[in-house]
Amino acid sequence: MPSRPPLTVLLASPRGFCAGVDRAIQIVERAIEKYGAPVYVRHEIVHNRHVVERLKALGAVFVEELDQAPDDRPVVFSAHGVPKSVPAAAKSRRMLYLDATCPLVSKVHVEAQRHFDAGREIVLIGHAGHPEVVGTMGQLPEGAVALIETVADAMAFQPRDPANVAFVTQTTLSVDDTAEIVEALRARFPAIAAPHKEDICYATTNRQEAVKAIAAKAQVLVVLGSANSSNSVRLAEVGRRAGARAYLIDDAEGLDFTWLEGVETVGVTAGASAPEVLVQGVLDRLAERFEVTLTEADTARETVTFKLPRALAG
């Protein structure tokens, strides 16, 4: 039997689930335990196909709009946050609802409301159509928030009063891209009000930094995450910028060994909504084909946890 070729695998750390994702999944699981199935979930609880399929098997029913859920069953709002109109509609229907919005997304909602109450014109840096952006813009009256996606958008933005502008951001953006947009806004509007603490969340930042640390040494980077996961897509982009050929895959089945022909070092990471079992699946598949030397590249320690809603605590 021919010997397997050697392959160094650099495993990014931190990777995978963040505290907000962990909390959101627990909310659905505990709601099913407490209230029985079905429990309805408005939008995918987190953007990962494997997580969604597992929760479906437990008794979760995923819908895109609240009117697709019956009045007499619990409904959970996804980790990405929802416009104010959604809980208002649930209350008017006397529905039992549980809000799994990540507390760090809720922080952005509070900031946006504070700026609005202070009479500032608000800029949201984010990706059009992403549920988090829809939810943040939906905290305020229509037209109160201007969405900016690029430096070009920042240069074209024309506020009513250049001295009275504030910005907030989506939590799952590219740290580097966002810094460029913020720099452009600050250059144009020196008095622009900024978040007290950066809106891009600790987990997004840490995972991007971990990718930078391994992608500079790896020829190929494999990112585990679904294509609709903003933070996972950003990890692949960060890897490419750092010089690696980066591929975003759902699971080990998506691994193409032609990517690894002539490759000595591969980096592996997972987006904040991707379970660790998917990483292990890739490592197992690599070990079938290669003599793997595994190195964990630890760039940060995460100790953040978030409390469950009172209705499910204990």
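Glycine is no exception: its Cβ is also placed from the backbone N, Cα and C atoms.
Pulled from Swiss-Prot:
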ACT_SITE  Glu132  active site, proton donor
BINDING   Cys18, Cys102, Cys201  [4Fe-4S] cluster binding site
BINDING   His47, His80, His130, Ser229, Ser230, Asn231, Ser273  isopentenyl diphosphate binding site
BINDING   His47, His80, His130, Ser229, Ser230, Asn231, Ser273  dimethylallyl diphosphate binding site
BINDING   His47, His80, His130, Thr171, Ser229, Ser230, Asn231, Ser273  (2E)-4-hydroxy-3-methylbut-2-enyl diphosphate binding site
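All features noted in Swiss-Prot, drawn onto the structure.
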residue	record	CB count, 10 Å
Cys18	[4Fe-4S] cluster binding site	29
His47	isopentenyl diphosphate binding site	28
His80	isopentenyl diphosphate binding site	28
Cys102	[4Fe-4S] cluster binding site	26
His130	isopentenyl diphosphate binding site	17
Glu132	active site, proton donor	25
Cys201	[4Fe-4S] cluster binding site	27
Ser229	isopentenyl diphosphate binding site	25
Ser230	isopentenyl diphosphate binding site	24
Ser273	isopentenyl diphosphate binding site	31
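One way to see the shell of the dimethylallyl diphosphate site is to take the Cβ centroid of His47, His80, His130, Ser229, Ser230, Asn231, Ser273; the remaining same-chain residues with a Cβ within 8 Å of it are Val46, Pro131, Glu132, Thr172, Asn228, Ser232, Gly271, Ala272.
For the binding-site residues listed here (Thr171, Asn231), the lowest count of other CB atoms within 10 A around the CB belongs to Asn231. Cys102 ([4Fe-4S] cluster binding site) sits 7 Å from His80 (isopentenyl diphosphate binding site), taking the CA atoms of both as reference points. DSSP classifies Ser230 (isopentenyl diphosphate binding site) as helix under the three-state reduction. Other than Cys18, Cys102, Cys201, the residues of this chain whose Cβ falls within 8 Å of the Cβ centroid of the [4Fe-4S] cluster site are, in sequence order, Ala19, Gly20, Val21, Ala79, Pro103, Leu104, Val105, Thr171, Thr172, Tyr202, Ala203, Thr204, Ala272. Comparing C-alpha positions, His80 (isopentenyl diphosphate binding site) sits nearest to Glu132 among the recorded positions Cys18, Glu132, Thr171, Cys201. DSSP assigns Ser273 (isopentenyl diphosphate binding site) to coil, not to a helix or a strand. Geometry remark: Glu132 (active site, proton donor) versus Cys18 ([4Fe-4S] cluster binding site), CA distance 16 Å.
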